[in-house]
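Feature annotations, courtesy of TrEMBL:
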- Asp371: active site, 4-aspartylphosphate intermediate (ACT_SITE)
- Asp371, Thr373, Asp718, Asp722: Mg(2+) binding site (BINDING)
- Asp371, Lys372, Thr373, Glu455, Phe496, Lys519, Arg552, Thr632, Gly633, Asp634, Arg692, Lys698, Asn721, Asp722: ATP binding site (BINDING)
- 35-91: domain 'P-type ATPase N-terminal' (DOMAIN)
- 739-970: domain 'P-type ATPase C-terminal' (DOMAIN)
- 68-90: transmembrane segment (TRANSMEM)
- 110-129: transmembrane segment (TRANSMEM)
- 258-278: transmembrane segment (TRANSMEM)
- 298-314: transmembrane segment (TRANSMEM)
- 773-791: transmembrane segment (TRANSMEM)
- 803-823: transmembrane segment (TRANSMEM)
- 851-870: transmembrane segment (TRANSMEM)
- 882-905: transmembrane segment (TRANSMEM)
- 911-931: transmembrane segment (TRANSMEM)
- 943-965: transmembrane segment (TRANSMEM)
- 971-988: transmembrane segment (TRANSMEM)
Amino acid sequence: MMFYDLFSGVKWEVRANDHYFHQSCRRKSFLCFRWGRYADNVVRSYKYTPLTFLPLNLYEQFQRVANLFFLLIVILQCVPIIATIPWYSTMLPLLFVLLVRGCKDLATDLVSLSFFLLCCLSQADLLLLCSTEPHSLCYVETADIDGETNLKFRQALSVTHTELNGDSVKQNLAAFDGIVWCEKPNGNLHSFKGELHWKGERHLLDTDHLLLRGTVLRNTDIAYGLAIYTGSDSKILQNCGKLKLKNTQVEMLLNKTVLILLFMITTALLLAVGAGLFEHRVSPKYDVVSVLQRDSSPAYLGFITFWGYIILLSPSMPMSLYITFEVIHMVHCLLIGWDIEMYWEDNNSPAQARTTTLNEELGQVGHLLSDKTGTLTQNRLLFRQCFIAGHIYDLSWNRFSCGGLKFSDQRLVDKLRERSSPECQEFFTALALCHTVMSEWRDGLPHYQAASPDEEALVCAARELGWVFLSRTRETLTISEMGLTRNYQLLALLDFTSKRRRMSVLVRDPGGQLKLYCKGADIVVLERLQRDWPLQESTERALELFAQGCLRTLCVAVRSVPEALWTEWSRTLSQAGTSTGNQETVLEEIYDQMEKDLTLLGVTAIEDRLQEGVPETIATLRRAGLKVWVLTGDKTETAVNVGYACKLMDPDTILIQGEELRSENTEMTKAPEWGAKFVALSDQCQSVLCCRVTPAQKAEVVEMVRKHSTSITMAIGDGANDVNMIKIGVMLKIGSQAVQNADFALAQFRFLRRLLLVHGHWSYYRICILLRYFLYKTTAFALVHIWYSFYNGFSAQPMYESWFISLYTTLYTSLPIQCMGFFEQDVSTKSCLCWPEIYSIGQKEQLFNPLVLAITLLYSVYTSIILFFIPMGILQYSALDYQTLAVTVQTSVLLTMTVEVILHTKFWTKYSVAAVVFSLVAFFLSTLALHSTRLFTASPKDYFFLGIHVCRLIIVHVLVLFIIFYKYMIYMKYIFMIVMVCMIYPRITNYLKKKKRF
């Protein structure tokens, strides 16, 4: 076909009203096999089905090394010859962990399913054929796609609008037999290339004809379309990509504790060698031992013992740590959302934690990179001043103005009313035409929906001064110039991009003259003006004056376009629409050909006020040790003045600008590792201010800092143009636009202080205490078996009762540390905010690092020695039996772990007290129940301890109290020293005062 010559690789065919064709090509699947071309119209946002939940969830859970390890331990326990403890001692805790995690995954999936059923009504990308609006216009909102809440218009082809609309529109649509050839499904949301073949003619299609899945229909009664991409083929789903999970520094360090597994294997191997040596040298001397071994060889016995010790030492791997880790992260996210101090009443916006994996990193942020507009500022722009024909006009001298321009410069009003200044009239004509604003009429007045606050402020300013934008279609723009309605033919729209930093419209005025109106950043517009343009010095002075007032500036220019130039340029533009190369680059070159030899009309100056509390927040964060970077597209002078206003820089700050840096350090900027050197240099500065940067450059800066800095990087943005920037590092969204890429969302920048200094610090402290405690309690618990091996001939006999091993982690010691992880506070909220220097604890990783980890493990070794050797030293020559020793040791273990929680808890709640009491009561009641004679009679193999005698119980508790006292004797020494100091210090002070008098 000729079509393939124009569009190489565009092979997606859609036939209207041809059910048989599409049914034959429908995509089908069976198990993991798929075939067919077209996806069905169902989007499955859920992960599980009733048939796949159990196998798929188990498969996912056993991707974790810890779960897989304990599954292997259960398998080993099923082998009688090496099973040192019953299989259920590991199986029950493992089932508990799998059950909790499975319920959590199922609940999350059910939420996704309910959201899908409620919200996802249209699952296809549609080619707009016609609508009930004039000219088959269609107004849509794309907030769920690009975060922009303004209305955009789409328009059907003229041929489909003419042929399909009418009284019998449904019959016409049923008879429609057009064929669409377009590109295959892809994730490019802003590009579409195709053709409609109908009635022997071909019509080019682009994004303006497409209604994407995820858009919301506004101000349009009915829109009719042809489904192009359905279900999973739709562009928004193709654009989603794979979810990339982020790991925190604490979690990465925790994963290195897999070295415990190597230690466990090495220890088991050494103990197995000990068992072999015991069998070879000691057993022959004792007939009883020789008979028990049944003439097994030392090597075989050592092999069997090795696996027995692997089972015994397996509790040193914290099985329930990961599920506890996730639950505490989830609770921390809920606490962030429930914090009333971070709730903004103006738009009913609470703080949101959109991820459950990065909470502790909020307490470790070292570099904070923030966008300016909409993040530090209110993004409610006010038209303050303008420069036209060498004069500066103050349009808001009244300090009570709210942006409605009820008061303005009388000189400008007189010139516009008298029509005595063609420059002023042309300037406001440009403001009324050069934009993408949509108008919506309510109560006889136009209300504007703009893609950006800048456009809305400019169009509203023109409206207040008599140049009112009324409406637009795909081909026309209608405005009212001082009460006179004028229609302009829209020939071309050269849209704004962050790379171009300008936009233009090419129109034909009612008199037939062609004009190009352009507005954009001064740095790009001024270089496209005619040579030796007039008023150059006064324009530069005006720009400098506006910058000193922290005002955002845009230059407005015009060009008269000859008819011949337009004809040739439009032909080139049409050819570019069918190009197969890099269309964006080709269009940019074509736009540049038109946007030159411009005539400057004037300069607009817009104020964007800082949000409440921004200066205080930045000053506090700097005190906390954060390196604050602000990335803005403003010119240097404007950015510097904003930096002073928001306390990013102190009044006595010495500014080092990029030009000075390049001139004095030319070698640094040319070196391949210049990024690392620049980040190292910036760390010596108070703050960094990046000016004239595009959204893509902001992302590059964030990536550079993240790459060349060891600290946690947080990037903050407010809108869709900041998505590339906040995709890196810890992401935060400030503002109300629906950006779906943020990890955390706040309504106001000032809430960031509380999020980092309070919630961030607490999360880091709680998580570190949790991890250290888990490693301590599991390691100390398991090491007791090693010391017991020296007394049982390395026979892999367990020290504890089997049920105590099963319930130790899941019941006896889980709740107290969980409450500590939920509610613990080392300092109060007021202290966190008054002394932000406390935040440096997380930045320096003082609570969880390799040294702290090593000390924790050594402390667990010390604890295990005390817990075993004191009872053994007392009871080994007594008449008490193995049951007394086991109960004594396990009671000591439980009380020691409980005392550790009590000593480390600084913020007590009723839940913390209840958790401690419940753990102790549950232990004593279950011990009495499991040691009953009835259970022993029913199953001696599983319940091999008889009932506890009263005298034996008293001896056990006396020993336990002695062990606890001995272990924490060091704390008693500290208390004794403090008491002595408190008693002696006042007496020494009084003695010195008396001596000084004489």
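Note that the numbers count up from 1, one per residue, in the order the chain is shown.
Cβ from N, Cα, C; glycine included.
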Cβ neighbour count within 10 Å of Gly633 (ATP binding site): 23
Those recorded positions of Asp371, Thr373, Asp718 having Cα within 10 angstroms of Gly633 (ATP binding site): Asp371, Thr373
Inter-residue C-alpha distance, Thr373 (Mg(2+) binding site) and Phe496 (ATP binding site) (nearest angstrom): 17
Long-range neighbours of the transmembrane segment (773-791), counting only residues six or more past its ends (CB under 8 A): 257, 260, 264, 267, 271, 274, 309, 312-318, 321, 324, 797-800, 808-809, 813, 817, 820, 853, 856-857, 859-861, 863-865, 867-869, 872, 876, 889, 893, 896-897, 900-901, 904
Closest-packing stretch to the transmembrane segment (298-314), where packing means Cβ pairs under 8 Å, from 258-278, 851-870, 882-905: 258-278
Model confidence over the domain 'P-type ATPase C-terminal' (739-970) (mean pLDDT, whole number): 84
Recorded stretch that, among 258-278, 803-823, 851-870, 882-905, has the most CB pairs under 8 Å to the transmembrane segment (911-931): 803-823
Between the residue listed as 'active site, 4-aspartylphosphate intermediate' and Phe496 (ATP binding site), the C-alpha gap once rounded to whole angstrom: 19
Residue, out of the binding-site residues Arg552, Arg692, whose Cβ gathers the largest set of other Cβ atoms within 10 Å: Arg552
Asp718 (Mg(2+) binding site) and Phe496 (ATP binding site), Cα-Cα, nearest whole angstrom: 19
Between Arg692 (ATP binding site) and Asp718 (Mg(2+) binding site), the C-alpha gap once rounded to whole angstrom: 18
Whole-number Å value for how far Arg552 (ATP binding site) lies from Asp718 (Mg(2+) binding site) (Cα to Cα): 18
Neighbour count (Cβ, 10 Å) for Thr373 (Mg(2+) binding site): 24
